[in-house]
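Have a look at the structure below, then the notes.
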2 protein chains.
Amino acid sequence: MELNISESRSRSIRCIVKLGGAAITCKNELEKIHDENLEVVACQLRQAMLEGSAPSKVIGMDWSKRPGSSEISCDVDDIGDQKSSEFSKFVVVHGAGSFGHFQASRSGVHKGGLEKPIVKAGFVATRISVTNLNLEIVRALAREGIPTIGMSPFSCGWSTSKRDVASADLATVAKTIDSGFVPVLHGDAVLDNILGCTILSGDVIIRHLADHLKPEYVVFLTDVLGVYDRPPSPSEPDAVLLKEIAVGEDGSWKVVNPLLEHTDKKVDYSVAAHDTTGGMETKISEAAMIAKLGVDVYIVKAATTHSQRALNGDLRDSVPEDWLGTIIRFSK
Amino acid sequence: MELNISESRSRSIRCIVKLGGAAITCKNELEKIHDENLEVVACQLRQAMLEGSAPSKVIGMDWSKRPGSSEISCDVDDIGDQKSSEFSKFVVVHGAGSFGHFQASRSGVHKGGLEKPIVKAGFVATRISVTNLNLEIVRALAREGIPTIGMSPFSCGWSTSKRDVASADLATVAKTIDSGFVPVLHGDAVLDNILGCTILSGDVIIRHLADHLKPEYVVFLTDVLGVYDRPPSPSEPDAVLLKEIAVGEDGSWKVVNPLLEHTDKKVDYSVAAHDTTGGMETKISEAAMIAKLGVDVYIVKAATTHSQRALNGDLRDSVPEDWLGTIIRFSK
């Protein structure tokens with residue numbers, strides 16, 4: 001099925017965006033969305049997708065009943081003579097943050113063992129929590145006029161073999177994009193043909209999508225400025241933001257900006273501690289694998305001017321001095 | 001892909017259940033679930049799935065935060081030494097009722113034309129509404145200890161060709177069932193390769209599933225006792241409940257119980273007027289097509305003793321005199 005994807009693409013994918021769980025949920029409160037951040041992220045995404053074309057009026061696409069109201073909120077009459085906005089092709093993948101995390105870790109879903117009642121219950125509970133988050137993100141983006149389609153990896157036929165992607169219905173993702181929609185996938189509980197079940201992280205999904213859809217660039221939106229040489233915190237005022245990481249043909253990577261004094265020193269990297277699906281080590285190696293495909297990766301703080309520039313693709317040719325974030329790119 | 005399904009099934013599917021939109025939502029209030037009915041339906045489903053085996057303690061599988069609480073509701077410690085209940089294989093498909101209906105009809109999604117801004121917006125809005133309902137139904141069944149997995153037809157690769165099913169990833173549905181879960185599908189907005197897009201009704205999904213999964217029987221839960229010879233209402237006290245309809249090899253059907261005086265009289269059938277995806281004419285002909293496969297179809301009022309008996313499969317051998325509902329079955 002995957003063989004036909006490039007044929008069916010009439011226009012290439014511009015960007016895959018990861019909405020990090022830490023950026024869009026409140027990490028210290030269970031199942032709580034960071035509404036302010038999510039609203040800004042939606043607005044920046046729309047900006048970026050319009051690619052400099054004149055912004056038309058936002059056509060809200062979440063016509064759900066609002067809490068406390070018995071009415072549907074939709075100005076259908078206003079839409080009639082609106083021109084359709086011409087959006088470039090984006091795919092969104094989000095993490096779980098404070099959704100799904102409790103359910104997955106209490107039941108040990110990532111370790112497999114579906115025959116155990118607690119794992120089976122935790123599998124169902126995890127999927128309920130992450131699909132709930134998915135729905136809320138789809139709604140937030142739709143309110144901003146982005147034609148989003150929630151696509152749960154489990155339902156889309158994603159399964160794993162010892163946590164590596166074993167199958168995925170990328171044809172449906174590609175068809176959704178070609179029909180002018182923005183698929184919104186997420187980290188999910190899936191079946192694993194060795195372990196029985198596991199957690200498929202958003203980062204692994206992005207690598208798989210990048211490999212098959214070959215976007216121009218990938219943006220990871222997170223809750224700190226980028227990748228540091230050690231976990232940034234008030235007690236670590238000297239943590240250095242790594243602005244550029246070069247990835248070699250063998251997948252190894254090194255920091256090229258700033259030039260660190262001890263380049264052989266192991267970077268104690270950390271972006272988002274609030275991530276149970278592998279943390280920063282997974283994140284950098286996933287990003288390096290994407291960069292190895294020739295796709296630039298930008299890791300940047302969500303809802304800032306820096307994230308807007310990254311989403312817009314402003315960094316493709318040259319990186320402005322005042323841009324803060326981490327670029328991971330292939331270097332021959 | 002569909003060819004391998006029967007091979008991969010280790011045990012056959014017992015029942016496909018349609019939760020009619022009119023039975024599980026409040027038809028006169030937008031996007032409002034009929035909580036009492038849904039709770040009874042979930043309880044009856046669990047009963048039926050246990051197939052007479054000793055009912056074990058319910059292991060709740062919705063560990064979401066409840067409104068107004070900051071805590072997750074989950075007694076993980078209680079589960080540890082519970083034995084897993086042995087459920088027989090069910091598939092659930094639900095309609096939209098007062099969800100999705102407004103969004104679909106205001107935008108004309110069923111007629112296609114994705115290039116129009118209003119259709120595109122309505123497509124997104126419809127999917128948000130029906131996936132919201134799907135999540136709530138999955139949660140209600142999971143609270144009752146049923147290991148449910150929400151599967152949106154759009155994401156599962158269902159698409160149509162002039163409203164007929166053109167593709168569907170049944171392999172993922174079958175794999176989900178074989179892993180001990182209960183897939184919960186629903187009427188959905190999908191891509192149509194002639195019209196651009198349309199609405200795929202829950203009834204059409206059921207026929208397609210029945211054709212490929214060959215369940216022992218199919219139950220339609222609705223909001224009246226069954227199929228009548230004319231729309232039942234206070235002003236039609238003489239409406240007659242059709243207890244048995246026989247379907248011939250050519251797909252034609254006739255009422256065999258009660259024996260109507262004028263059997264050539266066209267039945268002015270109506271079960272649920274609150275159904276925009278074809279109404280009763282579609283429903284009977286879909287049911288007849290299922291019956292033609294040799295699969296008994298029971299149309300019955302949700303949350304009654306009659307629905308419990310139908311779900312249990314009590315009607316397979318003989319139909320008790322006091323059972324109220326409509327049986328549609330194949331007759332050579």
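The backbone N, Cα and C atoms fix where each Cβ goes, and this holds for glycine too.
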Same-site residue for substrate (record: Swiss-Prot; known: B:ALA96, B:HIS101; options: B:GLY157, B:GLY180, B:GLY196, B:GLY202): B:GLY202
Rounded to the nearest Å - Cα separation of B:LYS18 (ATP binding site) and B:LYS27 (site 'Transition state stabilizer'): 17
Cα distance (Å, whole number) from B:GLY202 (substrate binding site) to B:ALA22 (ATP binding site): 13
Of B:LYS18, B:LYS27, B:HIS101 (the recorded positions), the residue whose Cβ has the fewest other Cβ atoms within 10 Å: B:LYS27
When distances run from the Cα of B:SER233 (ATP binding site) to each of the recorded positions B:LYS27, B:ALA96, B:HIS101, B:GLY202, the nearest one: B:LYS27
Number of Cβ atoms other than its own within 10 Å, given for B:PRO231 (ATP binding site): 16
Residues B:ALA96, B:HIS101, B:GLY202 [recorded substrate binders]: greatest CA to CA distance in Å: 13
Cα-to-Cα gap, B:ASP223 (ATP binding site) vs B:LYS27 (site 'Transition state stabilizer'), nearest whole Å: 10
